[in-house]
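Okay, so here's the structure we're looking at.
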Amino acid sequence: MLKGALTALITPFNENGSVDEETFCNFIEWQITQGIDGLIPAGTTGESPTLSHEEHKKVIELCVEKVAKRVPVVAGAGSNSTDEAVELAQHAKKAGADAVLVVTPYYNKPNQEGIYSHFATIAKAVSIPIVIYNIPGRSVVDMAVETMKDLCQNFKNIIGVKDSTGNIERVSEQREKCGKDFVQLSGDDQTALGFNAHGGVGCVSVASNVAPKLCAELYAACRSGDYKTALELNDRLMPLNRSIFIEPSPSGIKYAVAKLGFCRDTVRLPLVPLKDTTKEIIDAALQHAGLIKE
């Protein structure tokens, strides 16, 4: 069900900081016409930490309605409160999402038993497919491969992982422990090519907010074994992949999307707008990728 390039969607804001629903829906339509393979609303790139619960749920509802089953929608449903994560997953199911993306609990730093129990509780509470989101760089906890194996073996609705460890070896380890049908999606644009060569089936991409066509073509080439084409596409995208993370994300990718004319580059505090020097680097990366003219 899940493969290829799945965009970790930005959430556009109006000048007053409210969610720009019209722009969001228009942006989703453009993503689909560009050939994107799936969409992920209300995740980290969508500034979920600073969305209210009502806004979070509305963003998912808008996305599901606009997509209308044309591509899979994987709704962000993570929280460091297990009860809250259950509530968000239940809402995503009710809204019509195809799956949920659930991050490892951040800040409270549970051990492996706590991580297992968190996901087990969610899996028991909902029938919707669950994708684990393992991002130790932000959550400060790392789900062990053995924990992941136990979860996928014990709960059939835990179907895969968005792996943002940046550790290519993990792909082979998780493939060995969790099986070949366990969906492994890279969560790191910069290492995604190697990730897919090791057995991944795509990427939850930040860069695809501005380059959905290029990203979809890259992972289609990976799936067909055409790594010559994949490498050429990756070379075009790599400066962009790097530059959008010079400052805390999603400030960089929001600026890039705004540069293409889709939305404002407004982010919510504590995130702040980019420095001019960073904007210049992103501009050059967009030119290198052929997304804007010099």
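The backbone N, Cα and C atoms fix where each Cβ goes, glycine too.
Given the structure is predicted, the values throughout are model-derived calculations rather than measurements.
What Swiss-Prot says about this protein:
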- T44: site 'Part of a proton relay during catalysis' (SITE)
- T45, V204: pyruvate binding site (BINDING)
- Y107: site 'Part of a proton relay during catalysis' (SITE)
- Y133: active site, proton donor/acceptor (ACT_SITE)
- K162: active site, schiff-base intermediate with substrate (ACT_SITE)
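Neighbours of the residue listed as 'active site, proton donor/acceptor', defined as other CB atoms within 10 A of its CB across all chains, total 27. Close to the residue listed as 'active site, schiff-base intermediate with substrate' in the fold, though at least 6 residues off in sequence, lie L101, V131, I132, Y133, N134, I135, L185, S186, G187, V204, each with a CB less than 8 Å from its CB. A gap of 18 Å separates the Cα atoms of Y107 (site 'Part of a proton relay during catalysis') and T45 (pyruvate binding site). In three-state terms derived from DSSP, Y133 (active site, proton donor/acceptor) belongs to an extended strand segment. Look at T45 (pyruvate binding site): DSSP puts it in coil. In this view, the densest Cβ surroundings among the recorded positions T44, Y107, V204 belong to V204, judged by other Cβ atoms lying within 10 Å. Non-local neighbourhood of T45 (pyruvate binding site): A8, L9, I10, V206, N209, S249, P250, I253, each in the same chain, at least six residues away, with C-beta under 8 Å from its C-beta.
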